[in-house]
Ligand code: FES
């Protein structure tokens with residue numbers, strides 16, 4: 001069931017829309033902001049408010065790759081795997097991330113700190129290879145740079161989850 005806060009925020013979004021379904025992405029973002037991801041139950045509850053079917057809203061959620069349909073870690077790493085980043089060696093960055101965190105695409109570290117997901121072009125091709133962590137863009141990635149960037153998110157007490 002949606003919380004009162006979630007419901008009120010969605011109602012506020014609806015005031016700006018001609019059709020309820022036009023608020024679907026924003027409504028899903030609201031639920032994700034509160035819960036970290038959007039469960040089947042969340043889809044059902046939001047669909048009810050928006051007057052959409054569960055399948056219609058699920059299709060929106062699935063299409064929009066910044067809506068997470070499974071639980072994610074505290075920090076979400078979106079690594080671009082599209083053409084410019086591929087040409088500029090994103091695979092080496094993926095290998096480094098995987099080695100450092102002990103995870104690959106779609107997985108979350110055992111300590112729940114990081115989830116690693118592929119993403120299409122982040123619109124930062126001139127800085128390829130690029131990734132986003134919790135909505136913050138990082139470009140011109142190198143293995144050394146990755147260590148420094150993730151260190152900021154891991155915090156002082158962190159221990160790398162290297163197998
Ligand atoms: S292809 Fe990676 S940012 Fe555009």
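Each residue, glycine too, has its Cβ placed from N, Cα and C.
Predicted automatically and left uncurated, TrEMBL annotations should be read as such.
According to TrEMBL, the protein has these features:
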type: BINDING; residues: 80, 85, 121, 125; note: [2Fe-2S] cluster binding site
Same chain, not part of 80, 85, 121, 125: whose C-beta falls within 8 angstroms of the C-beta centre of the [2Fe-2S] cluster site? Give them in sequence order.
81, 82, 83, 84, 90, 120, 122, 123, 124, 128, 129, 130
Other CB atoms, at most 10 A from the CB of residue 121 ([2Fe-2S] cluster binding site):
14
By the count of other Cβ atoms within 10 Å, pick out the sparsest of the binding-site residues 80, 85, 125.
125
Sort residue 85 ([2Fe-2S] cluster binding site) into helix, strand or coil using the DSSP assignment.
helix
